[in-house]
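If you look up Swiss-Prot, you'll see 22-32, 178-191, 232-242 marked as compositional bias 'Basic and acidic residues'. According to Swiss-Prot, the compositional bias 'Polar residues' annotation covers 34-45. Residues annotated as domain 'SLD' in Swiss-Prot: 121-248. The annotation N-myristoyl glycine is assigned in Swiss-Prot to Gly2. Feature annotation from Swiss-Prot assigns region 'Disordered' to 1-110, 178-254.
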Amino acid sequence: MGCGPSQQKEDQSQSRIPSPRKGWEEGSKADVRVTSSKENCSPQTEAAWPKHTIDNAKSLDQQAQIGSLPGTIPENSPTPSKTSRRINSDPVANGLTNKPQLPESWERPKSSDILEELIVQGIIQSRSKVFRNGESYDVMVDTTEKPLRKPPARLKKLKVKKEVKDFTIQDIEEKMQAAEERRKTKKEEIRKRLRSDRLLPTANPSDEAEPPGRVEVPFTKGLPAVNTPALEKSDVQEGEPLKRKKSESDVAQMNRNYSCTGLELVESDMYYNQEDNIF
């Protein structure tokens, strides 16, 4: 109960607020409107309209009929993300707070589980858990699928050169000995050359055994040898007759003089020119 003006205000507010209606009532009203519009249309007007407009009208009628049924979902329904945004944007509805809906909780796989799966599949080889000091691992390669090819000729040549370049201690010692022998031979050759150039040749022992009739002068190379008169006599007798005959006493005296001169020359040569005095 109350005063008159207060009752009037309440009646006006109630008349303004529309009462909630159910979906099937709205759908039935829409069907009635569509059917009435179809009845009002004449066949002449339908012929005047183009075909695509008629098809669009039919599709709209079908959508309206489907949407009028209770519990139906329209084709152009919003995506779940949009609906979740709408729900989140309206945190308070009917006096209750709506919490944001999280996706279904799912556990992340552990690394140990992933490793076990890979080991079972054979992608990763299993490792021994016990480790020891000085433990070695052999890596084996299966060569049954593809046979190993021979290296090209160029690589073979390089390998041969490398093998030849590797020297041993024996090879080095042999080379050192050969070098020493060469050095000795060179020294001997140099000494021989010096002797032949600087030294005078020594008297041969065969000269002493020769008869005293002929004596050669050793230090005069280009001059002819001195002949005794006895030999000259024999040579002249073969070629031409002698013009004068010498006495035997003269011949003996001449032989003595020549023999003395030859001995003096040999002694001086042997005394002054010796090998020890050279070096």
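Heads up, the Cβ atoms here are built off N, Cα and C, so glycines get one too.
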Positions on the same chain near the compositional bias 'Basic and acidic residues' (178-191), where near means CB under 8 A and six or more residues out:
none
Based on DSSP, tally up the residues of the compositional bias 'Basic and acidic residues' (178-191) by helix, strand and coil.
14 helix, 0 strand, 0 coil
Taking every residue in the domain 'SLD' (121-248), what is their average pLDDT?
65
